[in-house]
Amino acid sequence: MRAVLTWRDKAEHCINDIAFKPDGTQLILAAGSRLLVYDTSDGTLLQPLKGHKDTVYCVAYAKDGKRFASGSADKSVIIWTSKLEGILKYTHNDSIQCVSYNPVTHQLASCSSSDFGLWSPEQKSISKNKSSSKIICCSWTNDGQYLALGMFNGIISIRNKNGEEKVKIERPGGSLSPIWSICWNPSREEHNDILAVADWGQKLSFYQLSGKQIGKDRVLNFDPCCISYFTKGEYILLGGSDKQVSLFTKDGVRLGTVGEQNSWVWTCRVKPDSNYVVVGCQDGTISFYQLIFSTVHGLYKDRYAYRDSMTDVIVQHLITEQKVRIKCKELVKKIAIYRNRLAIQLPEKILIYELYSEDSSDMHYRVKERIVKKFECNLLVVCANHIILCQEKRLQCLSFSGLKEREWQMESLIRYIKVIGGPPGREGLLVGLKNGQILKIFVDNLFAIVLLKQATAVRCLDMSASRKKLAVVDENDTCLVYDIDTKELLFQEPNANSVAWNTQCEDMLCFSGGGYLNIKASTFPVHRQKLQGFVVGYNGSKIFCLHVFSISAVEVPQSAPMYQYLDRKMFKEAYQIACLGVTDTDWRELAMEALEGLDFETAKKAFIRVQHLRYLELISSIEERKKRGETNNDLFLADVFSYQGKFHEAAKLYKRSGHESLALEMYTDLRMFEYAKDFLGSGDPKETKMLITKQADWARNIKEPKAAVEMYISAGEHVKAIEICGDHGWVDTLMDIARKLDKAEREPLLLCATYLKKLDSPGYAAETYLKMGDLKSLVQLHVETQRWDEAFALGEKHPEFKDDIYVPYAQWLAENDRFEEAQQAFHKAGRQREAVQVLEQLTDNAVAESRFNDAAYYYWMLSMQCLDIAQDPAQKDVMLGKFHHFQRLAELYHGYHAIHRHTEDPFSVHGPETLFNISRFLLHSLPKDTPSGISKVKILFTLAKQSKALGAYRLARHAYDKLQGLYIPTRFQKSIELGTLTIRTKPFHDSEELVPLCYRCSTNNPLLNNLGNVCINCRQPFVFSASSYDVLHLVEFCLEEGITDEEAISLIDLEAPRPKREDRQREIINNSSQILQLVETKDSMGDEDPFTAKLSFEQGGSEFVPVVVSRLVLRSMSRRDVIIKRWPPPLRWQYFRSLLPDASITMCPSCFQMFHSEDYELLVLQHGCCPYCRRRKDDPGP
């Protein structure tokens, strides 16, 4: 530390007190009875201020800079503005000894010999407090909460803002040690408020706010008159009877003298936020000094040691940013650091420290040796076992015990010294002299080695890592680089104040100067960037820079030197530079340049650094190809250019290397089709087609389907074009493509048809299938789209597709609840099993739902199905049995339908006779196991009611008796019970009109026939009308053996002429065609009508004997008298002769059921079809 006088002036009177304006621009002095205002920059007296009538003892400036106050022996305090105008004056009872402004509230404390007052701008009056002793000095704490008063009797009183005493400190000396000056430490970093106290017991002491003393009293050996802290509280100024101002640490360690004076120093102050000090003396001298704190530091690689607060040493690890503080409690004069050693020179000794461990990041130091001896030296260097002292021209080597081992005398002043390493005890020193000589000295060798000598003085030195090059900064700020072996000057650069070689790269150094950092690699031009300070080290990408009092590690990308190497295609050297530290962008640039230069090894390392997998894959593939023997660099470079996006250059190289296909593939992959076409020119049509296809693929991928379709068509890729059209539903485009395609191109045509079918355009699809000739697919199309008419038309032309049409049609009908049609369709398709299943299900449903008319119809259809299946000889017997069974069930359900309607519906559509006949028919026909759904109760109940109504009382009574043995539903019970009672009132016989007649044997049959629906005499089965169920005048006959059905028809059609018998005819008409009369006159008519002769029957036979006719009888029959049931095979036809030809009978040609003609015509008119088989009247017969 040294003090430089900036300006000095002298007043006429003693300088009692000084105050700085907070911004440091003005200085207020209390001199005599006046205030003197100075400009701090040059010491100009700006204005003397007159206001007091006696000596001014004190002055103080408010922290906000708006006003200041002065106190005088005239017992008054004057408040002044910053414009040097007095605005307020108040008085005390005694002379004013000191004034102080509260740093927070700007409250003014003014102290006199007997009291102290507190004034603030907000108050109109001054609050005063008495004092037990004369107050000499006062000071506010940083937070403005407390005011410390120093008194003549050696007591320190600490008061709050209201003037109440909170703490009282009594100094040991009492009234013999007046408290002459006190000051609170202004530092914001201190945890506690610390009060510095200087008394005339010649001691310096420190107290906490609580009154507790910090440390021991420091003996001063003079009477202190003033004490003052630096702005941040790191140092203390103290002046007094020793006629000088001394600098102390905040802990009271004396550091040195600021300036010696000719008389007592009554006041000294530090300019706010600066290192300037003003001193006021007894003789009126005012001195303004600048304090210059020299940097004391040492650096070795990444460890930097420097002085802090003049008495501490901080060791900083520049990489990890760790710091350790070593408190010496004495002024640190010199610092040296080397490897694990640290040397600190104090005023009376040298301390040597070592690291606890060899760990490079260890920051724990311990004292190894102490050399208790005072040394004067310019430079200090430490080695493993020695310290080196530099004194002007002389170097001394001392052991750690303090013994001088060696000494070197130089020709000139030593300007620079540095340890450059070596084994312990044999380290080398690099020494630069003022005369330009540069030497190398080994600590174990007396002889210095002259490396070279230059004309200018040395300021800074450094040696490269390999010790082959030497960099020197001379007094002309020039950096010179020499080859140590040849002594040749390699290059020089201007504007340098310090230089450092890169410890990791032989060819790189940096130097600073003129506010710039200069980096130089090899012999390339210098790269420059702004940097304040001095370069003191260069390690990898880190440059250690000393700026003012601190050192920092600046991360400097080594981009510039790397690019310099790249410009010369020196990829390996550029990689080495990049390893020191460059940005990711620089790494990528290096990788790309090396790749283009085909230095794959360097490129690979660089791409690994930036983790660029795509290029690493490229390099790997190229290396594999090289291993396989490929040597075409043009091809490798083309691949590199294509990866980099330099496609045209890549294409040229592909062409040059004879790989045009690769260029074409590259262009198409990149969708650069126009470039690809230009590249192809008028080349191979196949290549052009392939290119168009790829372009279409691309258009498809980027959602340009219409363009893709056009390109696919032009390239002949019809399938892909069709797929796009189909996916987008473009029916018209699909049809255009289909019509343009040749019928031989089945795959695209089939795809077209499939899409057209999906898009609900069956007409177009059918057209396409026809073009292909694919009739099976056409049939499937008609079936899937349910265009049955077209399907049936196609089936007519091509019977082989019958199954493909009718089976789906039947399934469709069934799904749409059109079961009857479905059954017919199954039947047509030859799917008898399915047809029967449908009918059986329909029948079961009809019975379950009491739709007995439908059940009859379905059973009839089932019987006909069975008859159809019976044509198969293997199934003939079984199917014929089922046929007869289903025929009987159909007849039963058909009749029972009327009974059910009669009992369930309120109105009956059938007459009493019809219901009577039906009831009798059902009772005679029912098997032991009554079919499902048929109720005997309803049949007997109907029979009983109708018998009673028609006069068949006996039969009615029998029916009621039968009902008594059956379970009767509740709703019929009353009616049956009533009928059972009322029938008892009727005669016990039946009306003869109701008795049925057998037309074969003319026998009257009972109404209740135990044999069933056959004659009790001749066993001839009755033929019933399917509507009224009365017995028809028909007799069944059989053909003689040997007569075929065709022959019989032809014989009947001959119709031989017979003589008229008017009387007989008349008799028949008059007698309502009484068949009995015909039988009685059999003998007389036998010759004329051979058939009637066959009707004779001997009573009493138990077996039925059918009527068998010969050819002669057939020839005698009239065609209109014969009814034929023409059953399909394997059944025989059935022949019936009407014995009353004039009573017309009609047979349904489909179900072969017989009806009275009038009844049949009426029913057909009502229903539009046969009431039994539902054959439409306009349908052709079987």
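Each residue, glycine too, has its Cβ placed from N, Cα and C.
Curation plays no part in TrEMBL annotations; they are all automatic predictions.
As annotated by TrEMBL, domain 'IFT122 first beta-propeller' applies to 2-187 (among others).
For the repeat 'WD' (49-80), the list of distant contacts is 13, 16-23, 28-37, 86-101, 103-104, 106, 108, 110-112, 117, 119: same-chain residues at least six beyond its ends, Cβ to Cβ under 8 Å. Positions annotated as repeat 'WD' by TrEMBL: 49-80.
As annotated by TrEMBL, domain 'IFT122 first beta-propeller' applies to 189-292 (among others).
Marked as domain 'IFT122 second beta-propeller' by TrEMBL: 297-550.
Under the heading domain 'Intraflagellar transport protein 122 homolog TPR', TrEMBL lists 558-937.
Residue counts of the domain 'IFT122 zinc ribbon' (991-1035) by helix, strand and coil are 3 helix, 8 strand, 34 coil (DSSP-based). According to TrEMBL, the domain 'IFT122 zinc ribbon' annotation covers 991-1035.
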Let's see if you can do this one: DSSP helix, strand and coil counts over the repeat 'WD' (49-80), in that order.
0 helix, 19 strand, 13 coil
Mind checking which residues reach the domain 'IFT122 zinc ribbon' (991-1035)? Cβ under 8 Å, same chain, six or more beyond either end.
894-895, 913-914, 916-918, 920-921, 923-925, 947, 950-952, 954-955, 958, 1073, 1075-1076, 1079, 1095, 1097, 1099, 1101-1105, 1107, 1123, 1136-1140, 1143, 1145, 1148, 1153-1156, 1159-1160, 1163, 1171-1172
So, by DSSP, how many helix, strand and coil residues make up the domain 'IFT122 first beta-propeller' (189-292)?
0 helix, 64 strand, 40 coil
